[in-house]
C-alpha cells in the first residue's frame with residue numbers, strides 16, 4: 001500500500017487554494033520556500049532520525065543529541081547556509097539541545113547587554129562556537145522573583161576582580177539549559193556588591209569549564225539536575241545545577257552596557273536607557289507566541305488527520321463506520337484548536353511588527369509605547385502557551401487510546417511543550433502584570449491622555465459600559481463588528497469591575513492580592529480580545545488565493561464564538577449580550593463547524609509539515625496509519641526476545657508455585 | 001536537618017482532629033488501620049523502591065516490575081495476608097503490571113461470565129497464579145465500538161472446537177495489559193459464528209503461551225505494542241498485540257453463563273439475565289471513581305505541601321518571602337482541587353453502596369434501577385477522571401518549574417493517570433450515554449412514572465423551570481439548599497433545552513448527533529449536581545471528631561461555588577440565578593479560601609500517604625525539599641561522569657573548529 005494516499009478523498013474536498021494558504025501560514029513565499037527546503041533537507045537525512053527518541057535511555061539520548069547538534073553545524077558549514085537557513089534547519093532538527101541556549105540566550109545577551117568592546121571580544125568566539133554559553137539566572141529557590149536571587153558577585157578592588165559566590169543551598173543556579181554538561185561559559189546573574197553596597201541583580205560572563213579538558217574550573221560545582229517530564233522530550237537537554245565557591249573573574253566580564261563598576265569600585269550608570277532590556281523581553285516572548293502556533297498546529301495536524309482515518313460506530317449493513325471527524329463532539333473540540341493555531345500565527349506575526357516598532361522608538365528615546373507593549377506581550381505569551389499546552393493534550397485525547405502511544409508523537413509534543421507555561425514568566429504572574437497595566441490605564445483615563453495600542457478601546461470605556469449587542473439572528477455573529485463589540489465590552493467591564501472593587505480598599509497592594517483572581521480573569525478577557533482583534537485585522541488585508549480568505553473568516557469566527565460560548569458567564573454577567581444572543585452564537589458555531597469540515601485536512605496540510613517533523617504514525621500525510629502502527633510496535637526493545645528478561649527468575653517460579661523458595 | 005519537620009508550624013494551625021479526618025477519608029477505622037499497615041510495609045521494604053523508575057530503560061523497568069510482582073506475591077504468601085490486605089499491598093506497590101489485569105479483569109470475567117463448572121475448573125488455577133490471564137477485547141481498529149470487533153470465533157461441529165481468527169490487520173487485538181509478554185491465557189472477545197450465522201461479540205478463554213517454555217502457541221502472534229506516555233508510568237505494563245491464524249480451542253472454553261453453543265452447534269441463551277453484565281460495569285466504574293480521588297489527592301498533597309514550603313516575592317527588608325500558598329491565585333487553583341479530591345471520595349463511597357444495591361436487586365430480578373445506575377456511573381467515571389487528569393497537571397504547574405522534574409513525582413502521576421479518560425468508555429462517549437438517559441427521562445415524564453435515583457429531581461421539572469434563587473447575601477450560598485436548588489435548576493433547564501431542540505428535528509438520531517455538544521454539556525451539569533448532592537448528603541450524616549464536619553462543609557461549599565463560578569454562563573443563561581447572585585458566590589468563595597488556608601496542610605495529611613507512596617521530593621512530609629532535590633539530581637546517569645559521553649566525538653571538534661573533517 002506504500003505510496004497510496006488514503007486521505008486523497010479528503011484532499012479533493014478542498015474549497016480553497018492550499019498552496020496559497022501555505023504562503024499565508026509561512027508568512028511569505030520566501031519564508032515558505034526556505035522552510036520547505038530546510039525541512040526536507042532534515043527529513044531526508046537519516047542522521048536526523050528521531051522516531052527512536054522515546055526508547056533511548058538518558059545517556060544514549062543525550063549523546064545522540066550532541067551528535068545531531070555537531071552534525072547540523074557541520075552541514076550548515078558545508079552547505080554555506082545563511083543565518084536564516086541555519087536557524088530554520090536547527091528548528092527542524094526538533095530536539096531541545098544546548099545550542100538553543102547558546103544561540104537563543106547567550107549570544108543575544110552579549111549583544112544586548114555587552115559594551116561594544118565586550119561584543120568585539122566575545123561575539124566572534126561565540127558565533128564560531130569556540131566557546132559555548134548558557135544563561136544562568138534561575139536559582140533553586142528563586143524563579144519568578146528575579147530580584148530575590150541570592151548569588152553574590154562582590155567586587156574586590158585589591159585584585160580588580162569580582163568574586164562569585166553561592167552563599168546558600170537555595171542560591172544554587174538550577175534549570176539553565178546547556179549548563180549541566182556542555183557549556184564552557186555562562187551569563188551568570190547575581191547581586192552586585194561593591195564596598196558593602198548591594199546594587200541588585202546584574203549579569204556577568206563567567207567561564208565554567210576548561211577549554212582544554214572540559215573539566216569544571218576550581219571553585220565550580222556543576223552537573224545535570226536529572227530527568228524531566230516525558231520520553232525523549234527535554235531530557236536531551238542538560239538543564240544544570242551550578243554552585244560557586246568564591247570564584248574570581250576579571251572586572252571586564254561584567255556586562256557593562258547599562259551600568260558598570262570602575263577600577264576604583266564605583267558603580268556607574270551609563271546613558272544607555274535601561275528600558276532596552278524590555279525590548280529583549282518583547283523579542284523573546286514574541287518568539288514564544290509564534291512557537292505556540294507551531295506546536296499547536298503540529299498537534300492539530302496529527303489529530304485532524306487521524307480523526308479522518310479513524311472510524312467508529314455508525315455502520316449499517318457492513319458499510320464502513322463513520323469517520324470520527326464527522327462527529328459534532330469531535331469537531332467542537334478539534335476545530336477551535338485548528339482556529340487557535342491560525343489565530344496565534346497571526347497574533348505572532350503582529351507581535352513581530354510590534355517588536356520592530358518598539359525598537360525603532362527606543363532608539364529614538366521614545367518610551368511611550370513600552371509599558372503597553374510589555375503588558376501585551378506578557379499577556380499573549382501567557383494566553384497562547386496555556387492554550388497550546390491544554391490543546392496538545394486535548395488533541396492527544398482526540399486520538400483515543402492510540403494517542404497514548406509514543407509513536408503517536410503527541411506525548412512527547414506535550415511533555416516538551418508544557419514548561420513554556422512556566423519559563424520566561426509564569427503564566428499567572430504574567431496575567432497579573434497585564435492586570436496591573438489595565439488598572440493603571442483605567443486610573444489614568446481621567447487625565448485626558450488617551451490609552452494607546454491594545455488598550456486603546458479603554459478610551460471608549462463609557463460607551464462600552466452601556467453598549468448592548470444588536471445581534472438578532474445567528475448569522476449576525478459573523479459580522480466582525482458584532483464580535484469585536486462584545487469582546488471589547490466584556491473586557492472593559494471586567495476591568496472596570498476590578499477597578500471599582502480595588503477602589504473600595506484602602507491598601508492598594510492588599511486589594512490587588514485580595515482580588516487577584518478577578519484581575520487574572522480580566523486580564524485574560526483583555527488578551528482574548530487582542531487575539532480576536534488581530535485576527536480580524538489580518539482579514540482586512542488583501543489575501544490572495546482562491547477561497548483562502550473565506551476559510552480564514554470561518555476560522556476567525558470559530559475562534560471568537562467558541563470563546564464567547566466558553567466564557568458565556570463573563571458576557572452575560574457584564575450584560576453586554578443577552579442569553580438569547582449567547583444561544584444564537586452557539587447555533588452559529590455549530591454551522592461553522594459544518595462549513596470547516598470539508599476543508600479540515602487541506603487546512604492542516606497548509607502547515608506544510610513533513611512526516612519527519614510531525615514524527616507521528618497517526619498524523620502521517622498518507623493516512624496509512626494501522627499498518628505502520630503495527631510495524632512500529634515490533635521495534636520496541638521488549639520485543640527483542642520472545643521470552644522477556646526476568647521470566648525465568650520471576651514469572652516461572654510464580655507459575656510453578658515455587659515463590660516461597662525463590663530468591664527475588 | 002534530618003528529622004526536622006519543616007512544616008510543623010503549618011500542622012500546628014489545624015482547627016480539626018486530623019486523626020478523625022483520616023478515618024473519614026479511609027472510610028472506616030478498619031480501612032485506615034489496614035491501609036496504614038500495608039502502606040508502611042511496602043514503604044519500609046527496599047525491594048519496593050520506586051524512585052529510580054524514571055531513569056530505567058524499558059527492559060530494565062519491565063524486568064524490575066516482574067520482580068516486584070513476584071516479590072509482592074511471595075510476601076503475601078509468607079505473611080498469610082487476607083484478600084483485603086493483599087489487594088491493599090498490591091495497590092501500594094504502585095506500579096502498573098500484568099497482575100492488575102489478572103486480578104482486576106481475568107478473574108472477575110471468569111467469575112461473572114463463566115458457568116459454575118467453568119469456575120470450578122479455571123478459578124483455582126487463576127487464584128494460585130498457575131496461569132496468568134488478561135482481557136483481550138480492544139482491537140487495533142475498534143475501541144469504543146465493541147460491537148464492531150472483527151475477530152471471528154467460528155464453531156466447527158466436526159471437531160467440537162472453535163476456530164479463532166484475525167481476518168484483517170485492524171482486527172489485531174491491541175492494548176490489552178499483560179498480553180504482550182506475560183499472560184499465559186486471555187479472555188478473548190470476538191464475533192461468535194455458528195453455521196454461517198453471526199451472533200455478535202462473546203468471550204472465550206484462550207491459552208496463548210505454553211506453560212512449559214512460555215513460547216506462543218501455534219497460530220498465535222503476540223508482542224508488546226511499544227512505549228507509552230511518560231517516564232516509568234505505564235511502560236512497566238506489557239500492553240500487547242495479538243493475532244490469531246485459525247487457532248482452535250475446545251468448545252467448553254466459551255464463557256457460557258449467559259449463552260452457549262451446544263455440541264450440535266446450536267446457539268442457546270441461558271436463563272441468567274444478560275443485565276448482569278451491567279453489574280460488572282457498575283463495579284469497575286465505581287472503582288475508577290474511587291481511584292480518581294486517590295490520584296487527585298496525591299497530586300494535591302504534593303502541590304499543597306510544596307506551596308507551603310515555597311516562597312516567592314513579598315519580602316521586605318530581608319524577611320522571608322511569602323509562602324506561595326498565601327497567594328489568592330494559588331488558592332483559587334489549589335483549594336478547589338483539594339475539595340474535589342474529598343468530593344470524589346464521597347461520591348465513590350456512595351457508588352460502592354449503589355453497586356451493592358443494584359446487585360441485590362438484580363438477584364431478585366429487579367432491573368428497575370439499572371438504567372439509572374448505569375448512566376450515573378458512566379457519567380461519574382467521565383466527570384471524575386477528566387477532572388483528575390486536568391487536576392494533576394494543574395498541581396504540577398502549581399509547583400512552578402520544579403514540578404517538571406521527575407523527582408517531583410507529578411509527571412509520572414499524570415502520565416500514568418491520563419489513559420483513565422479513554423479506557424472503560426471514552427469520557428465523551430460516556431457523557432452522551434448519560435444525555436441519552438436524561439432525554440429518555442424527560443420523554444417519560446408525562447407517563448406518570450416517577451424518575452428515580454439521581455434523576456429524581458427531574459420529577460420536579462416544572463417547579464425547577466420556574467425557580468429563582470433567593471440568595472441575597474454572600475453567606476446565603478453556604479446554605480446547602482441554595483446550592484442544591486441552583487444546581488438542580490441548571491441541570492434540569494439544560495436538559496429540557498436539549499429536549500426541546502431535539503423535538504424540533506424529525507430524525508431523532510440525526511438530532512442527537514447535531515446537538516451532541518449541548519447534550520454533553522447537559523450531562524456534565526447533571527453529573528456535577530450528583531457530586532454536589534452526594535457531598536451534601538454525606539454532611540447530613542453524623543461525622544465524629546473535633547472540627548471535622550466544619551472543614552468538610554467548607555470544602556463542600558468550595559466545590560459547589562467554584563463550579564458555579566466556572567460555569568456561570570449555564571446558571572445565568574438558564575435564568576436560575578442573577579448576575580448579582582453569581583457575584584455573591586464569587587465573594588463567598590474568596591472568603592472560603594481564607595478559611596481553608598490554615599487547615600490546608602492538615603487536610604492533605606489526612607490522606608495518610610507515606611513518602612514512598614507519594615514518591616515526590618516536593619511533597620515530602622517533612623517539607624525538607626531543597627536539600628533533597630539537590631541530592632536527588634546527582635543520581636542521574638548523566639552525572640556518572642564529569643565529561644559526558646559524546647564530548648570527545650562531537651563537542652570537542654566543535655570547540656576546536658574541526659567539524660569539517662569530523663566523522664559524525
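Numbers run from 1 along the shown chain.
Using N, Cα and C of the backbone, Cβ positions are placed for all residues, glycine too.
Annotated domain 'Acyl-coenzyme A oxidase N-terminal' per TrEMBL: B:17-132, in sequence order. Here TrEMBL flags B:138, B:177 as FAD binding site. Positions annotated as domain 'Acyl-CoA oxidase C-alpha1' by TrEMBL: B:278-439. Positions annotated as active site, proton acceptor by TrEMBL: B:424. Positions annotated as domain 'Acyl-CoA oxidase C-terminal' by TrEMBL: B:479-656.
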How does the model score the domain 'Acyl-coenzyme A oxidase N-terminal' (B:17-132) in terms of mean pLDDT? 96
Under 8 Å Cβ-Cβ from residue B:177 (FAD binding site), six or more apart in the same chain: what's there? B:96, B:98, B:100, B:101, B:134, B:135, B:237, B:238, B:239, B:240
Find, among the recorded positions listed as B:138, B:424, the one whose Cβ has the highest number of other Cβ atoms within 10 Å in the structure shown. B:138
Near-A candidates in B:138, B:177, B:424, the recorded positions, by Cβ under 8 Å: B:138
Residue B:138 (FAD binding site) to residue B:424 (active site, proton acceptor), Cα to Cα, whole Å, comes out at 10
Looking only at the domain 'Acyl-coenzyme A oxidase N-terminal' (B:17-132), what are its DSSP counts of helix, strand and coil residues? 90 helix, 0 strand, 26 coil
